Each structure stands twice: as C-alpha cells, then as structure tokens.
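Enquirer: So that we are looking at the same thing, I have put the structure below in structure tokens.
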Amino acid sequence: MNLKRIIISGPTGVGKTDLIVEISKNLPIEVISMDSRQIYKYMDIGTAKPDPYQLMLVKHHMIDIIEPNEYFNAFLYQKMAKEIEKEILLRGKIPIYVGGTGLYIDALVKGFFEGVPRDENIRKELSKLNEQEPGILRKMLEEFDPEAASRIHPQDMKRTIRALEVYLKTGKRISELQKQDKSDDFVLIVLNTDRNILYERINIRAEKMIEHGLIDEVKELIEKYDKTLDTFKTIGYREIIDYLDGIYGLETAIHLIKRNTRHYARRQLIYLRRFKNSLWFDPLHSETKEKIVEIISGVYNELSQKKE
C-alpha cells in the first residue's frame, strides 16, 4: 500500500496545535509531533508543548520521549514515527504529522540516510579542523558534495560533519545515498498568516512563557544537566541561561527571545516555500478548518479504499 502521509506545518507560533484540536472534533486523529525540541522531557514552557488539556483532547506522540542529554537525530525520528504511524492506522485512527522542524519533514518526504555508522575518530578530527580553521568544513562540503551543501545551513555543524563523515568513510556523497531512501507520497498543509499578526503572536507568547515560569524551568534544568548541552541552545533557553549568568538583564533576554523566534519563523517559511505542491491556509480564516478536514477526509477515504 502506498501510504500518503498528511503533514501540517507552518512557522512557530502560527497556531498549529489550536487548529489540530479543532480538527479532532470532526475526525479521529492522533498527532505525531514533528518538533525537534518537544521530544525532550522537562522542556515544556520554552518549547510551547501542548498543554495538558490539549493533550487530553488529542493524543500526541513523539513528545517527552528522551532526556535533554540523550542523543537523537532525524533517522531515529523517522524510524520511530513510522512505527507509531502503523500503530495509529491499526487502531483505525488517522495519523497527522504536526510541527515545523525541517529536518524531520525532510526525513519523511525525502528520505534520510543514516546507514553509515558514526566514526568518532573522523568526527573528532573534523571538529578539531573546524576549530583551527573556521569555515574550512563548509568549503570541504561544497567541494565533495555540492548538493548536500546547498541544503545544509552554513552554521549547521552537526549536519555538515555528518555529511563529511559519510563521504570520508565511504567515498560516497550523502546526498546520493539519501536518494536511495525516498519516502512515500505526502500532503503538506502549511499554516501561515499576515506577518504582523504572526510576529505579534510570537511576541505575546514569549511574554507568556516568562509569566508561566520559563526562568524557573531553566533553573531546574541547569541544576540537573550541563548548561552547555546543545539542547539548551534552543531559543528561549539559551537567552535565559545567559540572563542567569549575568550577561544581560531580563528585559534584554525577552527582547532576544522575541527577535530570535521571529527570525526562526522567517527561516521556516523560506524552507516551506520550497515545496511546490504544498497547500497554504491562514488558520485565522473561518473556512480553513473545514477545508483541511475535507483534505484529510479525502486522503483517509482513499486509504480505506486501497485497503479494501
């Protein structure tokens, strides 16, 4: 059976969770989260996880599954998500992928190759080389695998090192190996609204995070875990950690959270516009819910017919 996955994405703060709750009133759905930070336990406020009431209304998967200091990547996400997807279908429910992490979306719709084992020696050498000559790894990637370089952000050292590791270990480009693992068809629904409205929602959400206890959440985390973890470089956490370290005041920290979140939302939209056949809706428009319910129902009916 050729499964057509349903993905609902959009910039942070646009209202994906709120819309999903509304859709659940019409369809028997379960959500597979596509948020690379909501997978971590104890990081609730700063990652804007669904609240207990929303989680009660709609079953969510891939939230609170690992500790902040545990290793996780897009390959593991893809593997776990597909198993959960099968279980949801067996229960007669509709699996809906929801979130804005581009790497997870790529893992599902483009495939994500991870067959080459990690080589810590190569990784250490590459990291050392990068420290000695900043920017050299980017140049190497552009030379060895231009296609991968075009997809990987210049500041994304994790993916840069992984791509170079695969090439140095196998002599093959990771971009070519990934093409061997193409995923099935998908329907990508993108939520977006007027930029001024989106930015205002982001600003208000940042203030509410502080009101709801983000500072205490960060304090508890860095008491239990190393504050230099990559996990804590997440927007909202890194700024509060710097505030707690006395680098700047709370007002500046809040300003930076707002600004950095707006910049992140803009990058998400740039990424999502690459998908030519995506379907875009404004979640604030009254007819949006009905249209998306129709789309999901159509895919689900098609799936049911294929099973018959």
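In case you wondered, yes, glycine gets a Cβ from its N, Cα and C as well.
The structure displayed is predicted, hence computed values, not measured ones.
In case it helps, Swiss-Prot gives these features for our protein:
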type	residues	note
BINDING	G10, P11, T12, G13, V14, G15, K16, T17	ATP binding site
BINDING	T12, G13, V14, G15, K16, T17	substrate binding site
REGION	35-38	region 'Interaction with substrate tRNA'
SITE	T101	site 'Interaction with substrate tRNA'
SITE	R123	site 'Interaction with substrate tRNA'
Enquirer: Go through the chain and flag residues at least 6 beyond the ends of the region 'Interaction with substrate tRNA' (35-38) whose CB is under 8 A from any CB in it; none is fine as an answer.
Expert: 46-47, 49, 62-64, 77, 99-101, 103-104, 231, 234
Enquirer: Measuring Cα to Cα, how far is R123 (site 'Interaction with substrate tRNA') from G13 (ATP binding site) in Å?
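Expert: Pair distance, Cα basis, whole Å: 35 Å.
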Enquirer: Under 8 Å between C-beta atoms and at least six apart in sequence, can you list the same-chain neighbours of T12 (ATP binding site), or say none if there are none?
Expert: A48, G100, I202, T261, Y264, A265, Q268
Enquirer: Roughly how many Å separate the Cα of K16 (ATP binding site) from that of T101 (site 'Interaction with substrate tRNA'), to the nearest whole number?
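Expert: K16 (ATP binding site) to T101 (site 'Interaction with substrate tRNA'), Cα-Cα distance: 13 Å.
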Enquirer: Out of K16, R123, which of the recorded positions has the smallest number of neighbouring Cβ atoms within 10 Å?
Expert: R123
Enquirer: When you average the Cβ positions of G10, P11, T12, G13, V14, G15, K16, T17 for the ATP site, which other residues in that chain have a Cβ within 8 Å of that mean position?
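Expert: For the ATP site, the extra neighbours are G100, L191, P283.
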Enquirer: How many other Cβ atoms are found within 10 Å of the Cβ atom of G13 (ATP binding site), counting all protein chains shown?
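Expert: So the Cβ neighbour count for G13 (ATP binding site) comes to 23.
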Enquirer: Just the number: how many Å between the Cα atoms of T17 (ATP binding site) and T101 (site 'Interaction with substrate tRNA')?
Expert: 14
Enquirer: Within 10 Å of the Cβ of P11 (ATP binding site), how many other Cβ atoms can be counted across all chains shown?
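Expert: Total other Cβ atoms inside 10 Å, all chains included: 28.
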Enquirer: Between P11 (ATP binding site) and T101 (site 'Interaction with substrate tRNA'), how far is it from one CA atom to the other, in Å?
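Expert: Spelling it out, the Cα of P11 (ATP binding site) and the Cα of T101 (site 'Interaction with substrate tRNA') are 9 Å apart.
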Enquirer: Using a Cβ cut-off under 8 Å and a sequence separation of 6 or more, which residues in the same chain sit near T101 (site 'Interaction with substrate tRNA')?
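Expert: Once residues fewer than 6 apart are set aside, T101 (site 'Interaction with substrate tRNA') is near M34, D35, S36.
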